[in-house]
Structures are given as structure tokens and as C-alpha cells.
Amino acid sequence: MEKQHHGGLEILKLIMSLMVVGIHTNPFASLPALNSLTSNGIFRIAVPVFFVMNGYFLSLERDKFLPWLRRIVLLYLLLSLLFSPLWLDTASPQDALLSIVQNLATGWHHLWYLAALIVAACLAYLGRAHLSLLLPVALLCFVAGIVLQAIALWNGNDFAHAIHGQFDLYRNALTVALPFLLIGMALRRRQTPLHVSLPLLLLVGALFVGEIVLWGWLSRNQTRDLYASLIVVAPVLFLAARQVQLNYRDHMSARIYYFHPIFEMAFKLNGKFGGGKVFLVTAVLSALLAYAIGKLKTLQGAGRLGWVRLIP
């Protein structure tokens, strides 16, 4: 893989991480329409963009993929252990085992991203000789996820009621991670890089906002994860950011993403579920923790701590 560095993508990663914080802390909770447009809408582009980035830069060569996979799996297990007091059911040994299986299989809270990434990357690796055939299948899975979410939001029959709120059914490795991961890989394989013009960027942005507003009206502002337009908006935004040449290297976004629930959940356990102050404090404390971890990684001897090496 090439070693070229793209400052525009680095800035985009940081913005997307802060959007994830916004999803979980609802900075505009007191303004339902604006909250629907942002936390329940625009901010939802973050994880699909991350998957496009993952696919673009992920190598499927055995000697590169397997070490990457090992590091991601260990990071996932480390973070799952860190947050286990928030998801582990200790009512009985059977309940504890069930909660471990469920949460490791799907990923607790924000860790669904890593769980889905691991599965999707393994599928791409196993099907690496037939990626051009795998992509249409993945796109059909994305459509299936959109349909399942629409049925759940409709909540008009027994099946819809049964899947209502079951986010893992339509927000998972097959319906989200694999399609966007493969799109990123397809963009990387292109001989001629695609160029995104400002009019095109504005057009797809308007399409995205229009769909958000429509779904906000149809679903009466219920929680939504997927939008059909994301399949176009996410790669276009990625390509637009890739064109921006800046001398900037991000060291914070991944840590903000992985560790912000420490502060988010501290607020929620004290009955504060959202708002501008909750968002700002969570974002600032997450950034400070990310910075502190970065400093720790530079200390002499810190490299001997395995968990420190795992954190990006």
C-alpha cells in the first residue's frame, strides 16, 4: 500500500468522531427538529465513512491482513473488557455467559463498529478473489437493512413490533460494514481516481438532508441509523476529503471514538441523557483523555505495555 498521507481525511476522521459523540449525547435534545436533523440524521454518516476509509486502506494480502486482524480483535476484546461493568449481567452464571456471548457477537454500544468491521473484513478476505461479485451482494444486504429499519419504524404489525428497536438486525456487519468496506476497496482499485466537484458534493448533501427530513416526518423522529442516500453520500464525502491536501496528522479521532462512552455513561448514570453541556463536556474530556493516552504512548517503557500498543 502507498504511504501517501491525506490531511483532509485526517480532519474528516476527527469531525466524524465528534459526530459520534453527538449521536450519543444529543446536543440539541431540547430542540426536537434540530436533534432529528443532526443526532438522528447528519451525524449518522460517521460510521459509514469510517468503513469506507477502512476498506480503502485495508490490505487483503495475507502477511498484512492477518496481523491487522489480530490487532483489531485484541483491541475489541480489550475495549469490551473495559466497558464490561456496563453490560455484564451478573444475576447468575448463565446470565453472565449469555451477556458475554451476545455483547461480543454484536458489540456493546459503540463497539458494534469494531465487531462489524472484524466480520466484514474477514468476509472480504475470504472472498478477495471475487470482490466484484461480492459487492452487489453486499449492496443487496444494505437494501435489506433499509427495508428492515423501515418496517421497524412503521411498527404496524406483529413482525414490525417484534423488530422495533432491535438495531442489530439492520445495523450490522452485513448491512452496513461490508457494503461500505467493499466500496472503499473498489475506490482504491480504480486506476483513475474519481474527482468530486463542489456542485456534486452539494447535490448529494442536499439529497441526504432531504431524506433525513422525510424520514423525520414519516417516523415521527424515532431513532434512525440507516439512510439509503448514505450509499452515495459516504463515498462522495470520503473522496472530497481525500482531495484536500493539508499537512495534518490525526492522533485523536480513534481514541475519542473508543473512550467517549466513559464520560457519556457517567452523565447517563446520573440522569443526564443529553444536551449541549453534556455534549461539550463529553467531547472535551474525551479529547483530553485521547491526548493523555497519546502522551503515554510516547513515554519510555510504555511500549512494553501491550494494551498501550493496541490503541491507535
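Just so it is clear, glycine is given a Cβ too, placed from its N, Cα and C backbone atoms.
Features reported for this protein in TrEMBL:
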DOMAIN    8-290  domain 'Acyltransferase 3'
TRANSMEM  12-29  transmembrane segment
TRANSMEM  41-60  transmembrane segment
TRANSMEM  72-88  transmembrane segment
TRANSMEM  108-126  transmembrane segment
TRANSMEM  133-154  transmembrane segment
TRANSMEM  169-187  transmembrane segment
TRANSMEM  199-218  transmembrane segment
TRANSMEM  224-241  transmembrane segment
TRANSMEM  278-294  transmembrane segment
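Per-residue confidence over the domain 'Acyltransferase 3' (8-290) averages out at a pLDDT of 94.
For the transmembrane segment (199-218), the most Cβ-contacting stretch among 12-29, 224-241, 278-294 is 224-241 (pairs under 8 Å).
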